[in-house]
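Colleague: Once you've had a glance at the structure underneath, I'll fire off some questions.
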Amino acid sequence: MIKITLKDGKVLEVEKGLTVSEIAARISTSLRKKALGAKINGEKAELMDVINEDSTLEILTFEDQEGKDTLRHTASHILAQAVKRLYPEVKLAIGPSIENGFYYDFDAEFSFTPEILEKIEKEMNKIVKENLQLKKFTKSREDAINFMKERNEDYKVELIEDLPEESIISFYEQGDFVDLCAGPHVPSTKEVKAIKLLSVAGAYWRGNENNKMLQRIYGTAFTKKAELEEYLHMLEEAKKRDHRKLGKELGLFDLKEEGPGFPFFYPKGMILRNTLENYWREMHEKAGYGEIRTPIILNEKLWHQSGHWDHYKENMYFTKIDGEDYAIKPMNCPGSILVYKSDLHSYRELPIRLGELGLVHRHEYSGALHGLMRVRNFTQDDAHIFMTKEQITSEILGVIKMIDNFYSLFGFEYFVELSTRPEDSMGSDEDWEAATNGLIKALNEAGLEYKINEGDGAFYGPKIDFHLRDCLGRTWQCGTIQLDFQMPERFDLSYVGADGEKHRPVMAHRVIFGSIERFIGILTEHYAGAFPTWLAPVQVKIMNITDNQVEYCKEIQKVLNENGIRVELDLRNEKIGYKIREAQLQKIPYMLVLGDKEMNEKTIAVRARKQGDLGAMNLTDFVAMVKKEIEEKTNCL
């Protein structure tokens, strides 16, 4: 007998040689039916894997992200098999699972039209019904290369040739189809009960613009048709909320071919942006942060010293000034470090909190650009805290509380991930362990549940990531807290301790917006452009019924302006119904309709974006109501 320790700590004694699937059945029949994969001793595994020794075991279902990934990875193989059945001459590239779905890249001499996608999807459903078993086998590197050459799969050959000579190469077979793959997969194609192809896009082979442009087919898969229908409904709603579409329609922002990845903000968009930035400043001033501004372009030597040159060079832009090499900053931290280092500091001054709304530039491939969500220049709301080791927990707790208050204001729920040391990192094991333990302690004291994201930390330290969940259930990674023992060492930072000696401070990097541009994109979709009154670029629209009320409209506008309310006049010679519809399309919180009756009685007729007609109101009462909404930052979701 062997001992199997489950995720909840329970221990099962079972016979040696059982499969994961058989052990799942011992736990419960319902779990076996829902199981899609597993983790054995923390490593990804499949349901048909055999366990012969004491092990830890986690059964994965569709409720787990790894379970979703396993199912959708198999769906990508089903897609590739369907394409090869219908179009044998097409060459295969890669096909991973991704967030909310999967894709496969193909080299085809024809375009995948909507009609062809429909044909492929029918073939995929046929493959699902065939209940094909997925079987893993391995070959030596040399045999694997020859195997793929015989199949004319040039892209697979290239991938294998890049691996070390001693590599053992794994493949998966399902019926008449074989693909190069490390796995894991579900046992059979029948597990993929609901599948849908979504779109086609261009993608350079291996993400390199110098390589051939392939065709990438995107799809998604679920274990239940009802879940697929719900997801497709969400996608339709997301299209209506697309920030790129709303940004143009509402006159907020745009992206142009003259500056790919470099956003243009229009006057209304700048009002929204400035309102957010001013709130950020207000919040940070209350929390004891000093705001700084550091240069966009800094000498290349600084980036060698910081480590960015070795770990981040491919994402940076460079220029020459007076014959010397300079870099356009991709991050704000070295500048903040120079500000700290410009003076001597005593332990009595710590913690020192410095915040910056800093413009950074990072190179992204053109194919990766997406509205405000993925750009090449953006404003990052960085703050850096310089502190003693004893202050770590209290400072990180303070940041967590600030982030929680900030996201709650906008109606966001969130979940937390702790990302640990990546392969490409700098610093000692001891420093990484101390930094990671410091973050864990703060998370535990804050009472936050979190997931470990192995190997996804920054190159200089572990981090806590905050993932927002919007009103459609989509998640967005925004806030980050990173603990850093490396930068203070590299820049020889110090403070004078109570003993009169120099000591090394600990540094924390943190952002809340992440990128202001991206956060605005997320907010635009979250609210579908109908921003709460305090954020709305235009808070009140005043419209007349006839020319008789023009002067009265201007009087009302003056009073609102004097009370700090953002207002627009619509005095066009149009029907009032048309004006109201247009204001509704512009998603303006309040509309004031002024006719002879309102003018004579010195009242206003109020329409609210959400509640509709509110009837006649006294102007003083209306001003008080709107100002209260603005001051309290009422969320209108």
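From the backbone N, Cα and C atoms, a Cβ is placed for every residue, glycine too.
According to Swiss-Prot, the record shows the following:
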| type | residues | note |
| --- | --- | --- |
| BINDING | Cys333, His384, His509 | Zn(2+) binding site |
| DOMAIN | 1-61 | domain 'TGS' |
| REGION | 242-532 | region 'Catalytic' |
Colleague: Looking only at the region 'Catalytic' (242-532), what is the model's average confidence as pLDDT?
Modeller: 91
Colleague: These are the binding-site residues: His384, His509. Which one scores highest on other Cβ atoms within 10 Å?
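Modeller: Comparing the binding-site residues His384, His509, the most crowded Cβ belongs to His384.
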Colleague: Write out the long-range same-chain contacts of Cys333 (Zn(2+) binding site), meaning residues 6 or more apart in sequence whose Cβ is under 8 Å from its Cβ.
Modeller: Ser306, Asp382, His384, Met487, Met507, His509
Colleague: Residues other than Cys333, His384, His509 within 8 Å, Cβ to Cβ centroid, of the Zn(2+) site?
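Modeller: My list of surrounding residues reads Met331, Asn332, Ser336, Ile337, Asp382, Ala383, Gln482, Asp484, Met487, Met507, Ala508, Arg510.
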Colleague: How many of the residues that make up the domain 'TGS' (1-61) does DSSP mark as helix, as strand and as coil?
Modeller: 14 helix, 26 strand, 21 coil
